[in-house]
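Comments concern the structure below.
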Amino acid sequence: MSHSKSSQRWLKEHFSDPFVKKAQAEGMRSRAAYKLEEILKRDRILRPNMVVIDLGAAPGGWSQQIRKQMGDRGRVIALDIVKMAPLVGIEFLQGDFRDKAVLSQLEIMLKGQPVDLVLSDMAPNKSGMDAMDQPRMMYLAELAMDFADIHVKPGGSFLIKLFHGVGSDDYIRQLRHRYKKVAIRKPLASRKRSPEVYILGDGKLTQNEVSCS
């Protein structure tokens, strides 16, 4: 199939997608907001007054959904390398969270508040070649897990998107040593042919609990 025909097929599918239509109607930045909505309703990990950090947040669909669910209580801090247009009730920090200066700025923003939930919907720009895309995805996932190790408070939660493939099973095993409950989710808004799955770690273990597990 030619590149133009493939692009036309994608565009047709995209604009006929009910979740795309719903996002447009409700003012959501992306259809990904409804993937998160389903997980939040099923697993009930969100409570009022939580502090939530959204990694790789642009264009902001997940941050919007968190703010919608929490109302005007709690804090949502969105973090991304690329610029994100402002959203009401969302604090945005632009930069690479591997950068010490960015992490220092985040600490200033947090003002000592513990983090209840870290989200990561990050994914690499896809080349279409699994041999390249999967390692890149797993690298981002490792960075997000390291970030959550440092920032999520004991008892807190971590939700991340993975591509099912090489390294994903081992990654899930690592999470089982860090959280009391680990669940794999494939929301209805996630296209069936997509390799993406969402992994939820709930009830972060303390260092003593990790040592004993």
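Note that Cβ sites are derived from N, Cα and C of the backbone, with glycine treated the same way.
Small disclaimer: the values here were computed from a predicted structure and weren't measured.
Annotation source Swiss-Prot lists active site, proton acceptor at LYS161. The S-adenosyl-L-methionine binding site annotation in Swiss-Prot covers GLY60, TRP62, ASP80, ASP96, ASP121.
Everything Swiss-Prot records as a feature, shown here on the structure.
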| residue | record | DSSP (3 states) |
| --- | --- | --- |
| GLY60 | S-adenosyl-L-methionine binding site | coil |
| ASP80 | S-adenosyl-L-methionine binding site | strand |
| ASP96 | S-adenosyl-L-methionine binding site | coil |
| ASP121 | S-adenosyl-L-methionine binding site | coil |
| LYS161 | active site, proton acceptor | strand |
* Long-range Cβ environment of TRP62 (S-adenosyl-L-methionine binding site), under 8 Å and at least 6 residues apart -> ALA32, ALA33, LEU36, ASP54, LEU119, ASP121
* **For ASP80 (S-adenosyl-L-methionine binding site): intrachain residues, at least 6 apart, with Cβ closer than 8 Å** => LEU55, GLY56, ALA57, ALA58, PHE92, GLN94
* **LYS161 (active site, proton acceptor) CB neighbourhood, other CB atoms within 10 A** => 25
* Structure fact -> As a whole number of Å, the Cα atom of the residue listed as 'active site, proton acceptor' is distant from the Cα atom of GLY60 (S-adenosyl-L-methionine binding site) by 15
* To do: Please give the greatest C-alpha separation between any two of the S-adenosyl-L-methionine-binding residues GLY60, TRP62, ASP80, ASP96, ASP121, in angstrom, as a whole number.
  => 18
* To do: Please list residues from the chain of ASP96 (S-adenosyl-L-methionine binding site) whose Cβ is under 8 angstroms from its Cβ, counting only those at least six apart in sequence.
  => ILE81, VAL102
